[in-house]
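Taken from Swiss-Prot as is:
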BINDING   His18, Ser19, Lys20, Ser21, Tyr41, Arg45, Arg171, Tyr248  (2E,6E)-farnesyl diphosphate 1 binding site
BINDING   Arg45, Gln165  (2E,6E)-farnesyl diphosphate 2 binding site
BINDING   Asp48, Asp52  Mg(2+) 1 binding site
BINDING   Asn168, Asp172  Mg(2+) 2 binding site
Amino acid sequence: MTMMDMNFKYCHKIMKKHSKSFSYAFDLLPEDQRKAVWAIYAVCRKIDDSIDVYGDIQFLNQIKEDIQSIEKYPYEYHHFQSDRRIMMALQHVAQHKNIAFQSFYNLIDTVYKDQHFTMFETDAELFGYCYGVAGTVGEVLTPILSDHETHQTYDVARRLGESLQLINILRDVGEDFENERIYFSKQRLKQYEVDIAEVYQNGVNNHYIDLWEYYAAIAEKDFRDVMDQIKVFSIEAQPIIELAARIYIEILDEVRQANYTLHERVFVEKRKKAKLFHEINSKYHRI
């Protein structure tokens, strides 16, 4: 195993640890594509964790400087400051793919702002956040998952990322509240007459369910729109993207089956993932 192989393996471990659903799906890509996904996922995870886990603004700055070095001089040797193994893997990807570096910087800017979290006044602000933390990831992955990236390809990948982030929010309402965060907008909370603190303490009510389903309908519509345009991605990537997205959309039904609880995190069981895999395998005849 070469040093570069070890770098990618390190990135893969990060992906498997933090996103079993993504790993389950994207590990089915051809080798070069899945390695690129591992590297990009690991970079994005380190960006997220720099503040959420480490509380280290200097580390986030180092990540940004390392990415800038790769963008400016992709073929030169660099003394990376953040995580050398991840950055070497990203540099290798950047030498072969047209990486949308600005999307990394947009993600970093969102993480900067997230240090001083305040509730969103409107849904527009919420959806802007979903773009910043997840739509950006879709943009960065676009050259990996498509043969000829176009404006439409970037748009579809961005919408998929935003949809998956909204699903994360719908899954983690209780956990986020425990961390003193409410992502639903004040505008919509007022409209549906919902107080998350009250729901957390006293239990789910019809007002909360209606609010939750309002946002779930948005995520489900975006999911359907992405599936309708799945052919913008490469033949190899289409079934993988559909598998990842369908596993994620299943999370919404898991929340419903758990009576919209705010006191436990739901997940999609392995047997359901396997069932989806076989369905999509039959549809595409190529996974």
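A Cβ is built for glycine as well, from the same backbone N, Cα and C atoms used for every other residue.
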_Return the count of C-beta atoms lying within 10 angstroms of the C-beta of Ser21 ((2E,6E)-farnesyl diphosphate 1 binding site), excluding that atom itself._
19
*Inside 10 Å of the Cβ of Arg45 ((2E,6E)-farnesyl diphosphate 1 binding site), count up the other Cβ atoms and send me the figure.*
19
*Shortest C-alpha distance to Arg45 ((2E,6E)-farnesyl diphosphate 1 binding site) - which of the binding-site residues Asp52, Gln165, Asn168, Asp172*: Asp52
*If one looks at the chain holding Gln165 ((2E,6E)-farnesyl diphosphate 2 binding site), which residues at least 6 apart in sequence have a CB under 8 angstroms from its CB?*
Tyr129, Cys130, Val133, Ala134, Gly135
_Looking at the binding-site residues listed here (Asp48, Asp52, Asn168, Asp172), whose Cα lies nearest to that of Tyr248 ((2E,6E)-farnesyl diphosphate 1 binding site)?_
Asn168
*How far apart, in Å, are the two Cα atoms that lie farthest from each other among His18, Ser19, Lys20, Ser21, Tyr41, Arg45, Arg171, Tyr248, the residues recorded as binding (2E,6E)-farnesyl diphosphate 1?*
21
*Could you check the binding-site residues His18, Arg171 and say which one's CB has the fewest neighbouring CB atoms inside 10 Å?*
His18
*10 Å Cβ neighbour count around Asn168 (Mg(2+) 2 binding site)?*
17
*Once near-sequence residues are set aside, which residues in the chain of Asp172 (Mg(2+) 2 binding site), 6 or more away, have Cβ atoms under 8 Å from its Cβ?*
Arg265
*Other C-beta atoms that fall within 10 angstroms of the C-beta of Tyr41 ((2E,6E)-farnesyl diphosphate 1 binding site)*: 24
*So for Tyr248 ((2E,6E)-farnesyl diphosphate 1 binding site), how many other CB atoms are inside 10 Å of its CB?*
23
*How many whole Å apart are the CA atoms of Asn168 (Mg(2+) 2 binding site) and Ser21 ((2E,6E)-farnesyl diphosphate 1 binding site)?*
12
